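Chemist: From Swiss-Prot, for reference:
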BINDING   ARG58, THR59, ARG108, HIS136, GLN139, GLY264, PRO265  carbamoyl phosphate binding site
BINDING   LYS86, ARG169, ARG223  L-aspartate binding site
Amino acid sequence: MILKSKDLLGLKDLTAEEIQYILNTAKTMKVILLSKNKKAPHLQGKSIITLFYENSTRTRLSFELASKYLSANAANISVAASSVAKGETLIDTGKTIDMMGADVIVIRHSMSGAPHLLARNVKASVINAGDGMNEHPTQALLDMFTIIEKKGSLKGLKVAIIGDIYHSRVARSNIWGMTKLGAEVSVAGPSTLMPPELDKTGVKVFTTVQEALIDADVVMGLRIQKERQKSGLFPSLREYSRFFGLDEKRLKLAKEDALILHPGPVNRGVELPSSVIDSERSFINEQVTNGVAVRMALLYLLTRRDSGESVN
């Protein structure tokens, strides 16, 4: 099997089979990641460029490490120190990178649709590392990988996503991906942070966290994205935590073996208290490790589309 597109722009347009193929490949990549040498020659001679217009620690670093673990040449463009600061357009920047022989461009941008625009104008494969409030497909893939690793499958699982759904590209990608793999997804958060289009996605929408948590197999907290919000969407972080914080008492409504996830960075004491973050039910650190494996898989699959090679 090969991925149909040269790019990974979102999970909305992927089939369930393609998603599962990526996740299966990530299993093999995790073996490499956990090996003593953490090195494989699969991407030798390939060049991976990270182009981030927004701040990032986990996503950018994991892509860079994923590239190096597979023996690719990896380079990061600091937007503030590049010609972008002089007014260069995204398309011109992309074409410049393209002409230097890049095989993959990993882009994060504040504008929804920026990766799609770039992909239409370059020969290199483009991976969406987060575009505005639209999608964050690699985060959702690593979330699903983590769940399947612990639960065996997503089919039939109840997944509760709690928090700022409106501004969350992570929530959107997870909704697309998890529902395609058979999960029952519920969301909860302040009514001011609920997007109107949720009715079309087949998820259950609640305005109280308690309803969403009942018998949940997986609970995912989302970061309050203050940088994307206008004032007045909720009174204060303290009030948010009071009504939607995932403390031990509320989490008792979920199943006893429910997984606790968060895409990070976590606002400790707001979305989750430290006692939950650092508990045995929390798999937040495992998500970080799995993120490298998933991104290794994507880099491999996108750069080997025309070769017919298999990693297995």
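Glycine is no exception: its Cβ is also placed from the backbone N, Cα and C atoms.
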Chemist: Within 10 Å of PRO265 (carbamoyl phosphate binding site) (Cα-Cα), which of the binding-site residues LYS86, ARG169, ARG223?
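Modeler: The binding-site residues close to PRO265 (carbamoyl phosphate binding site) (Cα within 10 Å), listed in sequence order, are ARG223.
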Chemist: Compare all C-alpha positions of LYS86, ARG169, ARG223, the record's L-aspartate binders, and send over the largest distance in angstrom.
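Modeler: Looking at LYS86, ARG169, ARG223 as a set, their Cα atoms extend up to 32 Å apart.
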Chemist: Might you list, by sequence position, any residue in that chain lying six or more from ARG108 (carbamoyl phosphate binding site) with a Cβ less than 8 Å away from its Cβ?
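Modeler: Long-range Cβ contacts: LEU51, PHE52, TYR53, GLU54, SER56, THR59, ARG60, ALA129, GLY130, ASP131.
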Chemist: Of all the binding-site residues given, ARG58, LYS86, HIS136, ARG169, ARG223, which residue's CB has the most CB neighbours within 10 A?
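Modeler: Selected residue: HIS136.
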Chemist: Per DSSP, to which secondary structure element type does GLY264 (carbamoyl phosphate binding site) belong, with helix, strand and coil as the options?
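Modeler: GLY264 (carbamoyl phosphate binding site) sits in coil per DSSP, no helix or strand.
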Chemist: Look up ARG108 (carbamoyl phosphate binding site) in the DSSP assignment and report helix, strand or coil.
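Modeler: Where ARG108 (carbamoyl phosphate binding site) sits, the three-state DSSP reduction gives strand.
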Chemist: Report the member of GLY264, PRO265 (the binding-site residues) whose C-beta atom has the most other C-beta atoms within 10 angstroms.
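Modeler: When each Cβ's neighbours within 10 Å are tallied, GLY264 leads.
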Chemist: Including all protein chains shown, what's the count of other C-beta atoms within 10 A of the C-beta of THR59 (carbamoyl phosphate binding site)?
Modeler: 24
Chemist: Under 8 Å Cβ to Cβ from GLN139 (carbamoyl phosphate binding site), same chain, six or more residues apart: give me those in sequence order, or none if nothing qualifies.
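Modeler: Sequence-distant Cβ neighbours: THR59, GLY130, ARG169, VAL170, SER173, ASN174, PRO263, GLY291.
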Chemist: In angstrom units, rounded to an integer, how far apart are the Cα atoms of GLY264 (carbamoyl phosphate binding site) and LYS86 (L-aspartate binding site)?
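Modeler: Per the Cα atoms, GLY264 (carbamoyl phosphate binding site) and LYS86 (L-aspartate binding site) stand 32 Å apart.
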